[in-house]
Structure formats: structure tokens, C-alpha cells
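What TrEMBL annotates here:
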type: TRANSMEM; residues: 49-75; note: transmembrane segment
type: TRANSMEM; residues: 87-107; note: transmembrane segment
type: TRANSMEM; residues: 119-141; note: transmembrane segment
type: TRANSMEM; residues: 153-178; note: transmembrane segment
type: TRANSMEM; residues: 204-228; note: transmembrane segment
type: TRANSMEM; residues: 235-259; note: transmembrane segment
type: TRANSMEM; residues: 271-296; note: transmembrane segment
type: TRANSMEM; residues: 308-338; note: transmembrane segment
């Protein structure tokens, strides 16, 4: 059913329904994109949250690209571990400028006005979730007297870095983006009264079904990565994870285009969230699969509860990052399609 729906969406990917012509538009076309032409860039619900999620996804992708570059150049070695970690921390902090710029760009596109809240959510939402998960993991390691527990001084330093460096850099990137974009290109294109969506559940169901495609692509590298993590094979874990992330990114780009095209041709202008969720839910599916795999594997080996919960929290952080990157790529490809076809739509 999934492949049939995707093939039908691909068959309808031509630009002819969007471009119009000198003749009278057919009734079927007018019921699709033509009916919502003035609502395509309508401000989505909760624009601050989608802005924060997309900006965090691009920021994580930047950090992951740096790690991939190190792997390609074969710079990893036990002798250089400390220097590499310090360099990676610097890149992670500087990537907040990119996150702030993407925040300003996306939020300007939405046409909303509460910029300060969008910037603060970009700085605090995803890092806050990761910090809470990391703190829970550290508490488990402290309770078990494990050697991998992080000292309180290190945690305090991370918090100082978060508030002292990440927030100003994010504000700096957002400032330049807001100054470049202005009020965004949506102010003079949106109808005053939103068009009624005839079948709102249809677009949601299609996006949820479409999100299974990146998960199916990532399932084999995910199994290999989980096997390497449980059996403590770091080199194999790194290579399989990189391969799986690259495959998900490529498929997410295509899925975003398919989701946005399907929504527009069915008279649904909620492409902001649905194009994001069409690949962003991959992280949720991967976390559910990883949790079941880890718990079953560790129960069979009679591993204690602390180790099992530690592995599940690690999987939650990794799958959260994967979902953010996949959703951001899908959102960007959906926006490219919407922006492209809206330029060919006939004017009123």
C-alpha cells in the first residue's frame, strides 16, 4: 500500500496543475492547488516550535558533517582524542550561529511576530531535552557507582557554555537572518479568510504512512548499529551509523517533496508541519525499535537494569537527533517544491 501510494504521488509530480495555461482551468485542478493558492504560505500552528525544531536539525547536521569529515580524512586516533573532542566542542558551539540563522529564516517565512520566543526555544528546547536525558543517565551511573559518571563540575561547565555562549551566538545568527529576510515573503500572498480543507485527516494519514519509508531504509543499518553497541564494537558502530544517517537524509529529501506535492494537490496547505513529520517521525520509530531490541537483548544476557536503562537513554538521544535531522531535510525539500510551484501559479 505504501509503495502504491508513493508511485501515485510520483505520477502526479508534474508542474502542469500548478502552472496553469491560457485556457479555462479544469474543475479538478481548481479543487487542488488553485483552491489554496492564497493559503500556501499561511502562518502554521505553533510557528515557534517548528522553527526551533528545524533550526536544531540543521545545527545537528552541521556537527555530524564535521564528524563525517574527520572520518573521511582518517584523523581519528587514540593519541588525538582530546584534541578532537575539544575541536568538536568548538564546532558544536559555533554551529549555534547556523541554528540562529535558520531560526530567523524559517520564522520570517511563517510571518509570525514573536521573534524572541522563537530564538529562546531554538536555544533551549532541544538542548534542554538532551540535558534532561543526559542528567537522568548520569544519575543512573552515579547510583551504580559506574566509572563513566560525569562529575558535577563538568555538568556545571556545560551549563555555563550553554547559557554563556550558545544563547548569544544563536541571537547573533537570528539577528542577521531577520535583518536579511525582513517580514518574509508571505505578507501579500495570504488570504484573509483561510480556505476550508475538505479532507484534513487524509493528509495526516498520508504523512504518517510516508514516514515509514525512511524508517524502512534505516532498519538494516540500525540493527547493525545496535548489534555493535550491545557488543561494544565502536568502529563498526560508527561506520554503520554514518551509512544509516546518509541513507535516511537522501530518502527524507525525496519524502518531503512527495508529501508537499500530495498535500498541495489535495487542497491541504498544512505542508509546514506535515512535510516535517513525514520524515521526522522516523526518529520515533527508530527509538521504539531500538528500545525493544536493547531490552530483549539485555534480558537474554541477564544484564542489570541500570545498564539496560543506560542503553535506552543513549538510544533516545541518538534517535532524537536522527529525527530532527530527517525532519529538517524533509521540511527544506518541501519548502523548495512549494516555493517553486507557487512562482508558476497564475495570479488572481
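Cβ coordinates come from backbone N, Cα and C, glycine included.
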Same-chain residues at least 6 beyond the ends of the transmembrane segment (119-141) whose Cβ lies under 8 Å from its Cβ atoms: 48-49, 51-53, 55-56, 96, 99-100, 103-104, 148-150, 155, 158-159, 162, 166-167, 170-171, 174, 306, 309-310, 313-314, 316-317, 320, 324
Interface present between the transmembrane segment (153-178) and the transmembrane segment (204-228) (three or more C-beta pairs under 8 A): no
Same-chain residues near the transmembrane segment (87-107), Cβ under 8 Å, at least 6 residues beyond its ends: 47-48, 50-52, 54-56, 58-59, 62-63, 66-67, 115, 118-119, 122-123, 161, 165-166, 169-178, 180-181
